[in-house]
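Colleague: First, the structure itself, so that you have it in front of you.
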Amino acid sequence: MEGVIVPLITPFKEDHSIDFEALEWLIKFLEEKGVHGIFINSTTGEFTSLSLEERKILAEKGREVTSRTYLVGTGSTSTFEVIELTKHAKEIGADGVVIVSPYYCRLKEDAIFKHFSMVAEKVDIPIILYAIPSCANPISLEVVRKLALEYSNVIGVKASVDSLTYLSGLIEIKEERKDFKVFTGLDQYFLPNLILGGDGGIMACANFVPEIHLEVWNAFKKGNLEKAMNSARKLVKITKIYSIASSFASAVKLAMVARGFPIKPILRPPYMMDGEEVFKKIKEIVS
């Protein structure tokens, strides 16, 4: 498991129901571009606005459509819900799950470790830990290390953490466990992660510019660092959309609309789309 993995948006219709036709189009588009994997029920996919049943249906539909490495987000504030969703992911044939640390309530490190260990013990499926301290309880390097060394099915981590120190600390775990995977969740950290010894990225902008992420990946794998750096600079520019929009999800969907994708600019409440002024600024960046 490596390379460019896309955390899919969840397309919605005007009535806020899931647009499965648009979802299928997006998956096929990304596969044609050559991405290495698909990740459904992600932060980008507004998983917190979906019901448990919708998350299961979405996971099933994605598995039906894609032939690539397939990951399902099974995070929740409830450990038992995580176990339920993770069991479901295994039943439908997912290649692995991505589990964000519990959010809303602040937890101590031992509680976070217990949360993940309970899932790892209950469900034998590859698990990728998801560290995103801006939205959920932080996962310390020591907790990641302990989980990686104690549970063979904890195979890696996705780090949406704006810190090279944290990223390099994760990669040091590979010295003790060679097959441990380290993915960045930040587009601007994609190349730095590869240079440090990481395995790829699970990045939101790959929904609408996967060709640039693949340029970085392919150039790096061929040893053409100059070309990889040039493409990585494009990604840094594109991530400016996040500082323009009022929310992460709004930025990504507006960028997709700006590039002419058959995706409606609709978010599930309480999220709201930004207006025309923000759209014009994002269009200038991504066009």
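Backbone N, Cα and C define each Cβ position, glycine as well.
Annotations for this protein, taken from Swiss-Prot, read as follows:
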| type | residues | note |
| --- | --- | --- |
| ACT_SITE | THR43 | active site, charge relay system |
| ACT_SITE | TYR104 | active site, charge relay system |
| ACT_SITE | TYR130 | active site, proton donor |
| ACT_SITE | LYS158 | active site, schiff-base intermediate with substrate |
Colleague: Checking the contact step here: among the active-site residues THR43, TYR104, TYR130, which have a Cα within 10 Å of the Cα of LYS158 (active site, schiff-base intermediate with substrate)?
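Modeller: Within 10 Å of LYS158 (active site, schiff-base intermediate with substrate): TYR130.
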Colleague: Please determine which of the active-site residues listed here (THR43, TYR104, TYR130, LYS158) has the lowest count of neighbouring CB atoms within 10 Å.
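Modeller: So among THR43, TYR104, TYR130, LYS158, the active-site residues given, the one with the fewest Cβ atoms within 10 Å is TYR104.
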Colleague: At the Cα level, what's the spacing in Å between THR43 (active site, charge relay system) and TYR130 (active site, proton donor), rounded?
Modeller: 10
Colleague: Provide, as an integer number of angstrom, the distance between the C-alpha atoms of TYR104 (active site, charge relay system) and the residue listed as 'active site, proton donor'.
Modeller: 15
